[in-house]
Each structure stands twice: as C-alpha cells, then as structure tokens.
Amino acid sequence: MAFQSGTLFAVPSTNTNPYSKLQARTSLLGEKYNKVLVANRSEIAIRVFRTAHELSMHTVAIYSHEDRLSMHRQKADESYPIGKIGQYTPVGAYLAIDEIIDIAKRTGANLIHPGYGFLSENAEFAQKVTDAGMAFVGPPANIIDSLGDKTKARAIAIRCGVPVVPGTPGPVERFEDAETFVKEHGLPVIIKAAMGGGGRGMRVVRSQDALKESFERARSEALSSFGDGTVFIERFLDRPKHIEVQLLADQHGNVVHLHERDCSVQRRHQKVVEIAPAKDLDPKIRQSLYDDAIKIAKEVKYCNAGTAEFLIDQEGRHYFIEINPRIQVEHTITEEITGVDIVSAQLHIAAGFSLPEIGLTQDQISSRGFAIQCRVTTEDPDKGFVPDIGKIEVYRTAGGNGVRLDGANGFAGSVITPHYDSMLVKCTCRDSSYEFTRRKMIRSLIEFRVRGVKTNINFVLRLLSHETFIRGNCWTTFIDDTPELFKLYRSRNRGQKLLTYLGDLAVNGSSIKGQNGEPALKSDVIMPNLLGSNGEPIDVYQPCEKGWRNLLLEKGPEAFAKAVRNHKPGLIMDTTWRDAHQSLLATRVRTIDLVNIAPLTSHALANAYSLEMWGGATFDVSMRFLYECPWDRLRRLRRLVPNIPFQMLLRGANGLCYSSLPDNVIYFFCEQAKKNGIDIFRVFDSLNDINNLSLGVDAAKKAGGVVEATMCYSGDMLKKKKYNLDYYIGFVDKMVNLGIHILGIKDMAGVLKPKAANILIGGIREKYPDLPIHIHSHDSAGTAVASMTSALEAGADVVDVATDSMSGLTSQPSLGAVLASVDGTDRQLEFDNNQLREIDNYWSQIRLLYSPFEAELKSADSDVYNHEIPGGQLTNLKFQASSLGLGAQWFETKKAYIEANNLLGDIIKVTPTSKVVGDLAQFMVQNKLSAKDVEERAASLDFPASVLDFFQGLMGQPYGGFPEPLRTNVLKGRRQPLSDRPGKFLPPADFDAIRNFLSEKFGDVTDADVASFTQFPGVYEDYRQFVDRYGDLTNIPTRFFLSKPQMNEEMHVEIEKALGPLNSRTGQREVYFELNGENRHVIIEDKKAATETVTRARADPSNPGHVAAPMSGAIVEIRVKEGSEVKKGDIIAVLSAMKMEIVISAPHSGVVKQLLMQQGDSVNGGDLCAVLEKP
C-alpha cells in the first residue's frame, strides 16, 4: 500500500516475492502480534525486519521523502512515505508522532518498534502507541519518563544507593544555574541532554569562558535532535572507562543482564569501537555493575531491553550515569558473545512473553569469547571527521567466519545525503580471545573497498593498531588525547583510479602532449630470447653478475677511471634508455618499456662502460607528460641491472633545470641520485662556464659518484676561429684542475667531423695520456659513425651509441655500425652480435609503439653544419614550430636559428642555451623580424623569457662575453645584469620547510620527493595531483596508456568498456567497465562536448593603446587588473608556448582600461589582450 496526496490507496499487499511461500505466515508471537511497523530508518529498521521475518511477522517501513531510495524500504513487506513532500524536514519526518501512528493504524500494524534515536526515548510517543491499541516495543511511557530523563534517573540511582557522578539535582534551564554549579564544584564539567543520547546535546567545558556558549549549544542541539532542550550538568571525570550493562526485563518482574560492553573508545561522546566483554575488568567491579544495573531496573519495574551505563575512574570506582530505555547501536556484540537475539527478545516481551518462556534466565545466559564492533562512517578523518556525501562508486565488504555486517545504504550506486547520521555499516567480529578478535577486525576492515565517498576506515585501522587499544586500556577521551591516531594509513584506490584514467582516455582521447594519432603497434610486444656462447638459453630472470660496476663498487671512482683508461678494446655507452629516445621520440618512452627489456640488457650489454638512462630532460618530462616518478624508474632499473654503471646528465649549477638553482639544492640532489642508483655523473655547462661547471663537479664528487666533467663542442673546429683547438685544450686544462675522474666531450649538434675528432682527441691525448676520454655525438648529418671510429683510433676510451633501430638521424650512431667499423682492430668492441640483434628486435617494436611521437625525419641532413641545431633539440623544435603554426615555415625557422645564434654572440648551444636560440628564432619567424629588426627594436620587443634569462646572466657567462649594445637594450627597464655565477645570489633552500609543506599537502614524502620539488616545484605538484586522481599508471602497458581501450579488450585487469549517453547539463558521460569480474563505472567530463568556441578581437597595430599577444600560446599569469597603473615595460601577463615563456609588457605608461584575457586562456599571435589609456 502507499500514500498519494495524503490519501491511502490500495495496492496489493500480498508479498509477490516467489520465496515468500518458504516462510510460514503464522506469527510465532500469535495472531494478535503479527505485524510490526518500525518507526525508524536505515540499518536498525532492517535489523528489526530481519528478526520479524524470522518470526513470520509482516513488516512495515516508513520513510521521509529524502529516504525514498533507501534500502530499508525494500527490506520491508510494505513501505509508506511520512506526510507530503516538503511537509517535514528530513529528521522531522521521523519525529512526526501523529503521522507515524496514523500510518500504523491504517496499515493494521499491532506493534511499533522505535529502534534507537528519533522517538525511541520519547514517553509521549510510547503512550500514544499504547493508547492507539498497539504494543510499543520498549519500556512503558512512565518508565521512559523516569529513566529517559537523565536527571530523574540520577535521583532513582541515589535512592537505590548506586553511586553517581556529582551533578545538578535536576534539570538546568537557566545559564545562571549552570554558573552556580560550576562555582561550587569547579571545572571541568560535562553538560548533557536530559533526553536522548548518541553524544548529541553534550559538551565538555574546561574553561569559564566556554561555559555560556557550550550551555547554549548543548540546549539547542538537544532540542533539534530530541525535541526537548532540557540539560543537566555533572562533574567531568578525567580518563574514565565507559562500561555498560545490557538488560532484559519482562512484564512479569523478571530481569536479567547479558553481560557488559566496553564503550570507552569515543569521539565527541559518540562511540566508535565497542568491545564485549570488557577486557581485564576486575571481577568484583564487574559483579557490582551487574548488581547495580539490576537493582535500578527492578526499582522502576523496568520492562523490555535497556542499557545501564557506568563510568569507572582510574581508582576503580564506578558511577551510574544513565539507563538508555531502548536498544543500542552496539547491541550486536552482546548478541555475538551470548547468542541471544535481543530484537527477538524485545518483540516477545512486547507480546507478553516472560523471559523464562523464551529461555532467558540468568543461569542460562553465558558469555563466550570476545566481540568487537566498529562503526564504518562516511566521514573524512583528514578534515575533522566532516561527513562526506556523494555517490558510492564501489562497495565491497568483508566476510568469513565470525564476521557480521549490519548496514543499509552500503551498495554501489547508493547516494549518501547530508540529512542523516553518517554511519554506513557496523562491522562486528567475534573470536575466542580479544587479540584474535582484534586481528579479525583488522583483516575485515582491510577487505572493505568503498569508493566515491570518504570513510573512517583508515582511522579505525590506526586505532585498532595502537598499543593502548591492543592492551585494552582505552578511556573516553583516548581519541582526543592521542594525536598520532591521525597519522592515517592511506588507501591507494588503485582500481577505481585506473578506470578513471581509462574512462577519460575512452571519452576524450590521450592527453599526452605531442601525441599525434595512435600507436602503429596494435599487438603485444614479442620478447627476445638470449642464447649464450654455448647455444643454451640464458636465464635472464637472474641479473648478470659480470660488469664494470663491480669494479666501481669494490675499488671506487679513481680505480674505475684508471681501469677504463687501461682497457685496450673500445668501450661504449648505450644511450637507448635516454638520449636516443629523447632525440627521436620527444622523451616519451615510459618506464615499463625500459623495465621489460632491462633483465636482458643486463646480459647482452654486460661489457658496456655505462647506460645513459636518467637526468636531463627525461627527469621533468617523466613527471610532466608521462605522470611517472623518475626516482621510481631509477630504483626499479637499478634492481634489474646491478652490473652495468648507470650514468645521468647534470647541467652543472643548473641541476636539471634551465637556470641556476641554490647551491645546496645541487648537492642535495646529487646525494639522492647516488643513493638511488646513479654511478656516473656527466656534468656539463651549456656555456662551458667553468664556474657553473665546478659546482656540479664538486657536488657529484661529494656524493661519491664518478665525475665525468664534460666539455661542450660547438661549430666546426676546422673552420671556426672562436672555438678552435686552443680553446678546447684550454678548457680541458681548467676541468682537469678540478680533479675530475673522466673527461666527456659533448657534441650535441653532431657537427664533429671525423678529421676534427682525430685532431681534438689526439691533441687532448698527447697532453693528458692518462685521462679517460668519453665522447658523445649525434648522427644528424650521417657522419657520426665515422667520427666515433676516428675518435677511437685517436685514443678515445668510450663512445656513445644507440641500438640500431633507435639510432641515426638526430640520435646517436648505430651500435651495430660502430661495432662493424672497428671490427678486426685493437679497439674491437666485446659484444655478442646475436644478443645485440635480439635486443634491437625489441626496440624496433617499441619504436612502432611510440610512432605518435615520431618527428618524421626521413634522412640525414648535412645542413646541420650550417644551423648547428642540437640533435635532441631538432625534433622538439620542429614539434614546437608545428604547435605554434610555423610548420610550413620550418626552413625559415632553421635560417632564423642561424641569425639568432649570431645575435646572441655565436654561443655554445646545449640545453638550455640551445633553447634560448630556438626560442628567439621562433619569435623572429612568428613576428617576421630580421636580425636587424631585433637589434634596432630590442628595447621595445617582448622577448621570450629564456632570452631575458640569458642576457641577464642567469645561465652563466658566455665565452667572449655578451654582445653589446644588444644586451643593454634587451635588459633596459626589465632586469639587472649579473656578472658572476647566478647561484651565488640565491638563498639556500630550506629542505625542512619544503618537506613539511609537501607532507601537509600530499602525505608521506621522501628525500627524493624533496629533491624533485626543488628542481621543478610546479611540475612536481601537478604530477602528484594527477597521481592522486588517476593513481600510479606506470605499469599500464603503453598501448593502453596511449590509445583508447577497445570493447572486450583485456589487459592486466579485465576491461569491458561501454560509454553512456552525454548528460547535456553537466557535460559528463558514465563509462562502464568490468574490473576483476566486478562491474564498475566512472563519471568522466566530455571535454569535447564542453568546449566552447571563443572568437577574440585582434589588436590594431596602429592603436598605441592595444596590447597584443606576441605569439600563440596560453596565458599562465596575469600581473595587473583593470584600473592598474603601469609604466612602459611593466609586465602585464606571461604567455607560455610549449616550454617557452614570453612576457606581454606595456608598450607605454598608462592605465589598464580593459583586460580581454584570463589565466588559462589560449590566444593567437596578434590577439588583443589589453587596452591601455594614457593617465
């Protein structure tokens, strides 16, 4: 039956459940009591329905409008709304006495069970139920009146000779009376609601100043919760235990106890964890509690279920505080240790049965084992237990022997509203001992998976694991007194986060910057098989024990360097794991694809001098675009390849950045890199500035690493007068004086010709016969194999190569080609060709996997000898040019690169100085500027930020000095020039402050996290926020990371994808998956559907008040607002285009009349960004 517009109308009331015939329809309580209405909601309503059905009773549920989707409706035979929509508040509906009784009468109910809370302790309600001819499942109204009112209960206890806590003799209605009590008895005191419980209307007062507000808040809360604002006051005991005795009494004068419960673990007077029986309670005290509880019950002729509550102070004295005349939330643990169904007993007693008739005499009631109940709530412990609301996306619970769950709205799809108590489910565990029960509860809570709303599970786990709880010595303020409880265990929620990422990928496509299309490889990668010299397969799951790192670990950097120099055959460093994919694939290769080949690499390249695999651009890109932790990559690969030295790239005083960092940051970073697995530090400075270089050298040396100080090679030594042999030999002299272990030569553009290599290496070898030399080049012109062969013949010890399928063009020369070139000579390389081919077969597949990042370079380009663009930059610069709309002007960009280099003074071009040249070149092409235009208009142009950094001196001092007057004009009114190492002017980083900041924001952090933040603070924070949303995606196969999952496609988890319809109001779609056989869904914003087309006004070049965007990009910062006064050259905004930042400055002094941009806006070159007017 149901109500409509306040009128009862008929609906067939017969239970249509096909299993209903299995239940006898004759109530075990007799025909007079065969239908029960539960005047409550949620978990307790379901609890009563279940027992009622076992007794073959018919059940009736009631619900507020806000509860219309609640589970308790479905568990009853009939359900009815309380009043009309909007007639009652969500709580008020369950306090509507007359409405509820009217529903009971109309539906033919003959019993009403009040549950707990709401009307359960309301004497008026109990009386009206009785007056209506129905049985109230609880004490009679007069008993509720005498015991439900805590002030009256105190008087009864005193009359019975039961000790009570000193308090007011009766209710306190005026603040003045409260003040008088405090003056007489002192502080602290506790103000309690006379009616109700559950911690509502209760305040502890420890200072006189807080008394008035606490009194008013307690009264107000009591009134709203129980309809009665009466309060009383007691002296507050310090650190007492809260013990309660479960009572049952019938209408014939019989009273029994069902033993006690320890409810001391509370937060704000609300119980969190309950234990039965109380652990290690003195038997004498226990018996006294039983005796006093029964004494009070018999004094008032108590009937039905009730709970006598006591406090026990630190001296073992007990004090009666109240009798709750209803069933308690925690009744489950008493049921578990006694085997008594308390709800069944309540119904029998209400129907007139005596306790002996239902087998409940004191001698028949025993306690066995222990039980613990934990209340799982939708509260956020990190935010002061603020209730969380929302839709439950995943709901998986515990089970097994001795585990009981009492819940209601815990299911996937359930919507948690703010209207009611935050309890989601009660988890009760039982076992033979306290410790076994505690462990079972921990296991059970760990099994829970609740996603979509916050829960207190991690907090409760922390509590259960605390030493005080383990000993069973908790007190009522234990939680408030123990701040370490809030150092929570963190749930990673990996499954749901993974699905959120895959769902976003399915709806919006890949968000990885630079991706063009989907991978060409659509099948799984075929893993290679390595055969030993005997033709037998090599067990690659066991890392190779042979390798150069063994010598390094055993004898140290000096002995390692000496051994390298004394080794007659040539040595190689394989760059496949870093610079090769940086140069070819925009640094997008993921950790999983390195991890998969690492064990085989350990064997096939065991004779390698090192693997270049970390640092440089791969560090920030791994966080920025791949959403991976670079430190995790280093540690994982180190475990898999323990035998080959790992080498990283360090930009001197810049660390891994494009400008100087505080000195202590460089030292700290190198220390962490060495601890996590780096062996060799290739240290360079992009301008060959010995002052910047020396800091990095010293930091690497103090970290305990092999110091490979590196000289950057630029231009054509055979033709250039600026960078000739004398220059390079002179710079080597300076580096040797730093006490380096190995000399590196870094030919970033691949312009070191074979003849130049022979002269350069020969000259260095002649002067420094014992100095190990390591040379690095790129194959942009197609001559690197010849150059590396020439270098080895001239006395170089190590040359850089890449596996064949990842070599050539802007990458390093081919390992196979260099191997063949020195075959048969005394510099012959010591590798197994068959094993190298197997490794290369893997990388040929991987390159197809990363086809969306190919730069589409088809052949070598000898034009590099003219423009001198470094190999690693060439692909990135071409990609940036396309992103900025300059793809069709690539030839002009290369030409502008030459002009830009000359404008800057023909500088050494290695990241970050090569980026300065590239940024300036793109700026010139975008704005159609010639070199002469730049020189003449330097004071008024809005140069890219990197150009300003260079001219200011933030990257160091270039050989030959800065070009003048260009430098002065560029910096005029913008920045002050530096003449010394920039790091000298930077204050040291406060690592403790950084660690505290990161801990507060992200939880547990390591020294490696601090090191990441000091290098790239914004990138690191964005990465952590991404991981918080999507989880750790490192182990997702790359094919699924970059492309949309297909229907019924499987990966590590079983994926079955389906897209729901677009919600036109929210712009969201629901995406459905199957994860480990479990149906799940995630809600994803459809970014294409939500995209708006914005047409921007164009700046009028003839209007001096118009401020235009100098090139296409995104507004990342706005420095002014409308009405701001600005001077000529003041920064109005900062625009970012790829990795380049450009300032938008005021063309003249004035007032900002209009801003036509917001942070995050995308603009095109020439778009109107602001309007200035002269003051």
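Cβ atoms here come from the backbone N, Cα and C positions, even for glycine.
Now, the feature entries from TrEMBL:
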- Arg326: active site (ACT_SITE)
- Lys150, Glu234, His269: ATP binding site (BINDING)
- Asp579, Lys746, His776, His778: Mn(2+) binding site (BINDING)
- Arg651, Thr911: substrate binding site (BINDING)
- 32-484: domain 'Biotin carboxylation' (DOMAIN)
- 154-351: domain 'ATP-grasp' (DOMAIN)
- 570-837: domain 'Pyruvate carboxyltransferase' (DOMAIN)
- 1098-1173: domain 'Lipoyl-binding' (DOMAIN)
- Lys746: N6-carboxylysine (MOD_RES)
- Lys1139: N6-biotinyllysine (MOD_RES)
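A map of TrEMBL features onto the structure.
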residue	record	Cβ within 10 Å
Lys150	ATP binding site	25
Glu234	ATP binding site	21
His269	ATP binding site	18
Arg326	active site	27
Asp579	Mn(2+) binding site	29
Arg651	substrate binding site	27
Lys746	Mn(2+) binding site	24
His776	Mn(2+) binding site	28
His778	Mn(2+) binding site	31
Thr911	substrate binding site	23
- Task: Go through the binding-site residues Lys150, His269, His778 and tell me which ones have a CA within 10 A of the CA of Thr911 (substrate binding site).
- Result: none
- Message: I need the CA-to-CA distance for His269 (ATP binding site) versus His778 (Mn(2+) binding site), whole Å please.
- Response: 71
- Message: So among Lys150, Glu234, Arg326, Arg651, all listed as recorded positions, which is physically nearest to His776 (Mn(2+) binding site)? Use the C-alpha atoms.
- Response: Arg651
- The recorded positions listed are Arg326, Asp579, Arg651, Lys746, His778; by CA-CA distance, the one closest to Lys150 (ATP binding site) is Arg326
- Query: Among the recorded positions listed here (Glu234, Arg326, Arg651), which has the Cα closest to the Cα of Asp579 (Mn(2+) binding site)?
  - Reply: Arg651
- Considering all pairs of residues in Lys150, Glu234, His269, annotated in the record as contacting ATP, what is the maximal C-alpha distance expressed in whole angstrom? 16
- Note on the structure: DSSP composition of the domain 'Lipoyl-binding' (1098-1173), residue counts helix/strand/coil, works out to 0 helix, 40 strand, 36 coil
- Item | Alpha-carbon spacing, Arg326 (active site) to Arg651 (substrate binding site), which is rounded to whole Å | 73
- Query: Which residues, in sequence order, are found in the same chain with Cβ within 8 Å of the centroid defined by the Cβ atoms of Lys150, Glu234, His269 at the ATP site, excluding those residues themselves?
  - Reply: Ile190, Ile191, Lys192, Ala193, Met202, Phe232, Ile321, Glu322
- Query: What's the CA to CA span in angstrom from Glu234 (ATP binding site) over to His778 (Mn(2+) binding site)?
  - Reply: 83
- Query: Between His778 (Mn(2+) binding site) and Arg651 (substrate binding site), what is the CA-CA distance rounded to a whole number of Å?
  - Reply: 18
- Item | Arg651 (substrate binding site) and Lys746 (Mn(2+) binding site), Cα-Cα, nearest whole angstrom | 12
